[in-house]
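A.B. asks: Can you read through this structure? Questions will come right after.
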Amino acid sequence: MSNAASDGPEAMQWDSRARRVVTLWVPLCCFLFILLFPFYWMTVTAFKPDAELYDFATHNPFWITSPTLDHIRKLLFETSYPSWLWTTMLVSVGATFLSLFASTLAAYAIQRLRFRGSQYVGLAIYLAYLVPPSILFIPLATMVVQLGLFDSPMALILVYPTFLVPFCTWLLIGYFKSIPYELEECALIDGATRLQILTKITLPLAVPGLISAGIFSFTLSWNEFIYALAFIQSSENKTVPVAILTELVTGDVYQWGALMAGSLLGSLPVAIFYSFFVDYYVSSLTGAVKE
Amino acid sequence: MAMDTTLPAERAQHWSRTRRQPTAFGRLFDSKTFLIIACLLPTVGLLGVFLTYPLGLGIWLAFTDGTIGRRGQFVGFENFEWLFTDPIFWNAVFFSVFYTTLATIGKFALGLWLALLLNQYMPFKSFFRAIILLPWIVPTVLSAIAFWWMYDPQFSIISWVFIELGLRTTNIDFIGSEWPARFSLIVANIWRGIPFVAISLLAGLQTISPSLYEAALLDGATAWQRFRYITFPMLLPILAIVMTFSIIFTFTDFQLVYAITRGGPVNSTHLLATLAFQRGIPGGELAEGAAIAVSMIPFLVFATLFSYFALARRKWQQGEGND
């Protein structure tokens, strides 16, 4: 307390411009550079002709002197890339809707119907989120074979909810909590059935939560790898991440141009999707953590 | 308009009839027990069939000698006894722990730093926040392939920069030999994990009341003291949760290693998950793969307990804070 007087100048010094550049902008720019460089490198490689790609001596590798669409053309017309994209889209949309349906009902039951033991059901669902796919894929593979779903996108649509439902349920419980219970009571007094309350009052108010959960599920399904790798065998049924790694990597000579073009095209849908819903992503990510 | 010509009594009757119609179905949904069961059924069904049952089945498989296409017989601890004499398994255990430890330390140190940077006042803050999440949004395998290309023995851009700057004369051997490959994978994992940690911790930082910092400033606390006695303790609950998730999903990581090195060179970068995959699915030894996967469970239980006690500590802290 005795040196409180010397505090004024120190606080001012903290805000001085030079110090701010060193403590804020320089590290921030380093972070941005490192976090974004792989994407830049991916893009540059995807549009470089092979001659430039493997010749760093005469061409500066950071820039493209004669950009080409060769790799992308090759990818789209000489491989089954369109069908991989279609499978991935189908699986992601299917798994997302299935998970949203199940988790909305579950979250409503846990948060709003408040039965004895509901918090234990919530805890069990939370624990389910902590079970990683790496433990489950071997027994699930045997189950998928027994159910006759091996090599079918249906297997993925049914299995993806195992990691989507717990996440979505926790997210939606948080959202339902923020909707005043009085609204439901009013509707009950006015003679609405429980079903009407859910569809006409709670769900419309929880739309931002549903969007968050939906886009999050879509992204997670799009990015999923291990189940898709273990359950799908035929080339045309593969999802984009698996197909790029298993179909485009052939032999000892890697076609880096095509690989990077494939990675770029496979990342673009989620990246575009993400750019439209940034705020929902941030809120769902942080909302789920805070729960 | 036609309604107005009818008698009031008739109108009332008509009204009550339309109201009674949905009750048969509606009453079913008004029964709370039915509603609870109906609402929980899809989730419990999905998680029961595709999560709880396979978890049990996996543990059972680990104690059998099943292969692809053959139902195994119960063999007790034979798989584990065999695994415990297998140096590749122990190497995978070692690398899983090493990978998780270093990657977690790296992710949290850098992620916390980035969160603290983003928590300051600056223009275009939401833009930066959006850009930073990108590595986390893009499919891991695809960014891992980009890393693979950057780690290429001949055409690595990182080697090129080092040679151009005169810091080295030869290409860096990123994934060709044991230790460099391990560190290369850890760097890729840290790169992918920073955004998640930073954005989650940023959310935690934003909940800390500025009045605490004002009070500390008035009391003459230095920047370090403010971090040590305000930011860090207030951040601890969220830090513990994020860390638990991060540890669990780093320990059981699969994609990154599978995409960049596939466990090579000479099995030195196998994680338990990639080893389980290699033995179980392409190798066909389902039981052995399951045993490797099951041996991850003790580590996961440990991480979950860590989370539980961190949460308990949060309650204790809040209680103390209210005094």
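Cβ coordinates are placed from backbone N, Cα and C, and glycine is handled just like the others.
Please treat TrEMBL annotations as automatic predictions, because they have not gone through curation.
Below are the features listed in TrEMBL for this protein:
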DOMAIN    A:85-277  domain 'ABC transmembrane type-1'
TRANSMEM  A:21-41  transmembrane segment
TRANSMEM  A:84-108  transmembrane segment
TRANSMEM  A:120-142  transmembrane segment
TRANSMEM  A:154-176  transmembrane segment
TRANSMEM  A:197-220  transmembrane segment
TRANSMEM  A:256-282  transmembrane segment
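Each of the listed features needs to be described in terms of its position in the shown structure.
C.D. replies: Beyond the transmembrane segment (A:120-142), the same-chain residues lying 6 or more positions past its ends with a Cβ under 8 Å from any Cβ of the stretch are 106, 109-110, 150, 159, 162-163, 165-167, 169-170, 173, 224, 226-227, 230-231.
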A.B. asks: Might you confirm whether the transmembrane segment (A:154-176) is in contact with the transmembrane segment (A:256-282), defined here as three or more C-beta pairs under 8 A between residues 6 or more apart in sequence?
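C.D. replies: Judged by the Cβ rule, the two regions do not touch, with the required three close pairs absent.
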A.B. asks: Counting only residues 6+ away from its ends, which parts of the chain sit with a Cβ under 8 Å from the transmembrane segment (A:154-176)?
C.D. replies: 90-91, 94-96, 98-100, 102-104, 106-108, 110-112, 122, 125-126, 128-129, 131, 133, 136, 140, 144, 147, 202, 206, 208-210, 212-213, 216-217, 220-221, 224, 227-228, 231-232, 239, 284, 287-288, 290-291
A.B. asks: Short question: which residues 6 or more past the ends of the transmembrane segment (A:84-108) have a Cβ under 8 Å from it?
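C.D. replies: Residues packing against the transmembrane segment (A:84-108) from afar: 121, 125, 153, 156-158, 160-161, 164-165, 168-173, 175-176, 198, 202-203, 206, 210, 213-214, 217-218, 221-222, 228, 236-241, 243, 265-266, 269.
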